[in-house]
Amino acid sequence: MKKKVIFGNWKMNGTNESLTDFLNQVDNKIDSSKIIAGLAVPYVMLQTGLKLAKNVKIAAQNVHYKDKGAYTGEISTTMLKEVGVEYVIIGHSERREMFNETDLDVNKKAKVLLENNITPIICCGETLQTKESGKTIEFVNNQINIMFEGIKKEDAIKAIIAYEPIWAIGTGKTATSSDAEEVCKQIRNNLSKIYDKNTAEQIIIQYGGSVKPSNIQEYLKMPNIDGALVGGASLLASDYLGLVNYNE
């Protein structure tokens, strides 16, 4: 049985001081034999987090697909690997909306991360307009097709997919657990076509979108939802513990 994989995403929040306080409150209250708990923090906090955390996987929130060069403000896989980062979020809807990132960009990032033995958390999800037009599955599967293009199955099983409907991120709106399960099920079916059933079963699929301690359990009991990617509800230590220890 796969361990559930629950990651918080602090986005552009926090300080080294607040992260230190946060980890002092949560790290020794997580049983890493039962769950994979993680936290994506701003770049300037990565080393603090990596130094202090024993049971929380510290992740970066983005990476560039080039290894070096004239890309002001960007960060490379080599730089993240040097400080010990093992997980990186790529393709978050905020990156897509604000910085015009595409599925092809995400595909390039996924490849370079996997080549360097870093786990990409690959985000996908539809807008409200796409949902209302009844094209969610078609849209999300097209994203998956592009983002996994050219990735071998032995690498694909190391990736994590985070299904985050854009209309549910930070809005307080949530997909019902059955709706989220249906999309995650179709993502897995699509992965079976790209690779094979065994490969598809091994790939972790998270749900994200206004997940909080009060509703996480109903999502994680679904057969095709292997974890959660959580934004605002991961900022407070008490809420974070309510998420990662949801089953206690």
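Glycine too: its Cβ is placed from the backbone N, Cα and C atoms.
Taken verbatim from Swiss-Prot:
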ACT_SITE  HIS92  active site, electrophile
ACT_SITE  GLU164  active site, proton acceptor
BINDING   ASN9, TRP10, LYS11, GLY170, SER210, GLY231, GLY232  substrate binding site
Among GLY170, GLY231, GLY232, the most crowded of the binding-site residues [Cβ within 10 Å]: GLY231
Minimum Cα separation from HIS92 (active site, electrophile), reported as the residue among binding-site residues ASN9, TRP10, SER210 that achieves it: ASN9
Rounded Cα-Cα span from the residue listed as 'active site, proton acceptor' to GLY232 (substrate binding site), Å: 14
Where the record names ASN9, TRP10, LYS11, GLY170, SER210, GLY231, GLY232 as binding substrate, the maximum Cα to Cα distance in Å: 14
Fewest other C-beta atoms within 10 angstroms, as judged across ASN9, SER210, which are the binding-site residues: SER210
GLY231 (substrate binding site) in three-state DSSP notation: coil
Largest tally of Cβ atoms lying within 10 Å of a Cβ, found at which of the recorded positions LYS11, HIS92: HIS92
Set of same-chain residues at least 6 away whose C-beta sits under 8 angstroms from TRP10 (substrate binding site): LEU39, ALA40, VAL41, PRO42, MET45, SER234, LEU235
In three-state DSSP terms, the structure that ASN9 (substrate binding site) belongs to: strand
Close binding-site residues near GLU164 (active site, proton acceptor), where close means Cα within 10 Å, chosen from ASN9, LYS11, SER210, GLY231: SER210
Cβ neighbour count (within 10 Å, all chains shown) around the residue listed as 'active site, proton acceptor': 28
